[in-house]
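Scroll down for the structure; my scribbles are underneath it.
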Amino acid sequence: MSDILFIYTSNGLHKETFIISIGVQQRPKRREQRLRSDQKMAAAPETKTVHSPALTYFSMLSLLSLCPPFVILLWYTMVHADGSVFQTWNYLKQHGLQGFIDIWPRPTAIAWKIIFVYGAFEAALQLLLPGKRVEGPISPTGNRPVYKANGMAAYFVTLVTYISLWWFEIFNPTVVYDHLGEIYSALIFGSLIFCVFLYIKGHVAPSSTDSGSSGNLIIDFYWGMELYPRIGKNFDIKVFTNCRFGMMSWAVLAVTYCIKQYELNGKVSDSMLVNTTLMLVYVTKFFWWEAGYWNTMDIAHDRAGFYICWGCLVWVPSVYTSPGMYLVNHPLNLGMQLALYILVAGILCIYINYDCDRQRQEFRRTNGKCKIWGKAPSKIEATYTTTSGETKTSLLLTSGWWGLARHFHYVPEILAAFFWTVPALFNHFLPYFYVVFLTILLFDRAKRDDDRCRSKYGKYWKLYCNKVPYKIIPGIY
């Protein structure tokens, strides 16, 4: 028999380690003892990590403690300090910790009401809207999650409802912008409590066998206890946090910023139109492709903890939308020609990013019997072993976009982020924080994915890397 253990490495990857045990059958008691032993091994300090345990814990504790205040400082700087990091820095230098406490908005009843209504609305759409049944990838313990693919319908209903409420003067989205600091503050604390709930649930009522403890409270809270946590049979928590709350809020806030600028100035600047259009095209692409997202590292490999869930509930709405937040009070005029150049370049990047994913999905769907750029695809047939000891086969695509680099799709994604930020021009650095963050995130993700695949496929991954030598940027890296 062979088993796969989830081992927490310093970069958060649940690496798949293959342990071969001799013997055809084990008695239940002996198997239980061996499983307990395996769990200890998974949490043991001797586990090989990229960085030292001290650096690993320092990184986790730093993110746990620094991300929440950063969200507030980002909002304050964009909305109240003209987007200037130096202005915020000078304020904090003069007023110290008390100054920071003073600018931290207190969660208000209206902020909680907006969050609750929005969250309940998206949860209802997730549960009630019809959708095609989609199966996710088989997990290391042999589970295959089942989803209802109704993201595009939920996206359409959300935007139509939100704009209609404004158009018919039932609800003014500027209220969201005017209480944005309070909303972010409420999300910060509310999402931390939600992550505590996920931690407790993982211990006392896990949804599947794809769960377990590393033996370390900080790691379990940060990386999560469960791979596929659910409430009841049908409500998938990660789909809600990542897709229906996080990504949906990106589109809702992009529209909010546009409407706020219109109500302030009586018109929308071309810089805001380019920014909003590109972000909405990107989010539309995401929901069109949502079923494919369920096969990615975020859903299929990263557990539900602070890193994923708090990040999607708080970090996505605040940081990912920040270029539009800046443009509300900076209605820059690009001119028709420059605006069109930026818009076309951004849409092209989003299309290439989509086409990369489309190629891979089509390749997997047809088991390699398709055309890539008009030709039969080049591929490597790789075998690996599951928890139950079965030998499985995967096809690794080595042509088309995937022949340029192993993670080439990150290049157009980073460039798309640059193009929806560049309408802010270059008066301040902070609007470009998301582009810098995204670049670091995706380069780290490429490394994590390579590590995971190297563990899973062994010699076949080495063969794949020889055939596609560049990780992200063809000819460079």
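Note: Cβ is positioned from N, Cα and C throughout, glycine not excepted.
TrEMBL labels come from automatic prediction, so no person has curated them.
Annotated transmembrane segment per TrEMBL: 54-76, 110-129, 149-168, 180-200, 239-259, 271-289, 304-322, 334-354, 417-443, in sequence order.
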Task: the transmembrane segment (180-200) vs the transmembrane segment (334-354): 3 or more CB pairs under 8 Å - done: no
Open item on the list: I'd like to know if the transmembrane segment (54-76) touches the transmembrane segment (304-322) in this structure, counting it as a touch only when three or more C-beta pairs sit under 8 Å and are separated by 6 or more positions.
Closed with: yes
Open item on the list: With Cβ-Cβ distances below 8 Å as the criterion, list the same-chain residues six or more beyond the ends of the transmembrane segment (417-443) that contact it, or say none.
Closed with: 74, 77-78, 82-85, 270-272, 274-275, 278-279, 282, 319-320, 322-323, 326-327, 330, 332, 334, 339, 342, 345-346, 349, 407, 410, 472
TODO: May I ask whether the transmembrane segment (239-259) has at least three C-beta pairs under 8 Å with the transmembrane segment (110-129), counting pairs 6 or more apart in sequence?
DONE: yes
